[in-house]
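K.L.:
Got a structure here, written out as structure tokens. Questions coming.
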């Protein structure tokens, strides 16, 4: 098994695998300031809800490092500003808000200590978030493996692997576990337009792991489902409402509709940190809209005519009634979702 480490905090620098460059180039993006982390999240150097949360936590550590020599009052003001900036890097993934909330809580708790002690406390919390995510992913993988039958053909969307987390992955983590437990699985990976996370990232991870797979255009998925060639669908999540409505990469909703028509099990794999206990339904989830160039260009080359308008939401919401279950580190949540989600609070 090849270990993929999405990020590493070492000697006061956060090193991120630059996911914009994969699969053609394996490079690291160095973050030395919280502004670097803000940019990395916005520009999708790092992406995937759990990975964004962990990166933002280390962004807070970098902010403390930046302002270490400031007087306490200015230090705390600058830290509050950094927390606010990082919390707004991307709007849809709740793990970002969750991680910043944890870092803010630590800062509030230790604000009367020396600046150097505050820095150490923040670094300790960021490290906790990192290692908790890794452990959570491995727990989800083992739990999720229970729903994978031997010789299963699995369809997945976007990237939910090690690159979307600090390591191992969510939905792709379940796939990884099924493969290494000898279940002889086969994977179809959607290319996932417009950013092509499936083609660039998931396909790369599958090749690295030696997992049998084929890459498909997004428009092929419905035909495979109709023809009975898919046994189960596994996707990730960026935010889950109390009723089970799930925001995930654009195109997920479409898959869920076809899966429901043809009675194919449709599972969301996400840590409980992705559940937003403050919203009732998916209607309350803010959907990020991204640059038109993501649709009109590929790798900087224009593929659409000048003058055409573009609608480019990064996510859509899959209604809870289309979801078979939500696989978390605490077990599989099944309908009625609201009742069972509240038990985890």
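Using the three backbone atoms N, Cα and C, a Cβ is placed for every residue, glycine included.
Under the heading active site, proton donor, Swiss-Prot lists 238, citing sequence analysis as support. Residues annotated as substrate binding site in Swiss-Prot, with sequence analysis given as evidence: 47, 48, 49, 90, 197, 248, 249. The site 'Transition state stabilizer' feature in Swiss-Prot is assigned to 158.
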K.L.:
According to DSSP, folded down to helix, strand and coil, what is residue 248 (substrate binding site)?
P.N.:
strand
K.L.:
Do any residues at least six apart in sequence from residue 90 (substrate binding site), in the same chain, have a Cβ closer than 8 Å to its Cβ, and if so which, in order?
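P.N.:
Result: 41, 42, 52, 96, 288.
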K.L.:
Which ones in the same chain are close to residue 49 (substrate binding site), with CB under 8 Å and 6+ residues apart in sequence?
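P.N.:
Residue 49 (substrate binding site) has long-range Cβ partners 93, 94, 95, 96, 164, 236, 237, 238, 239, 270, 274.
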K.L.:
Measuring CB to CB from residue 249 (substrate binding site), give everything in the same chain under 8 Å that is also at least six residues away in sequence.
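P.N.:
Residue 249 (substrate binding site) has long-range Cβ partners 157, 158, 192, 197, 235, 236, 238, 314, 315, 316.
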K.L.:
Residues with Cβ closer than 8 Å to the Cβ of residue 48 (substrate binding site), same chain and 6+ apart in sequence?
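P.N.:
Same-chain residues close to residue 48 (substrate binding site) (Cβ under 8 Å, separated by 6 or more) are 6, 159, 160, 163, 164, 165, 236.
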K.L.:
Rounding to the nearest whole angstrom, report the longest C-alpha distance spanning 47, 48, 49, 90, 197, 248, 249, listed for substrate.
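P.N.:
In whole numbers, the farthest two Cα atoms are 17 Å apart.
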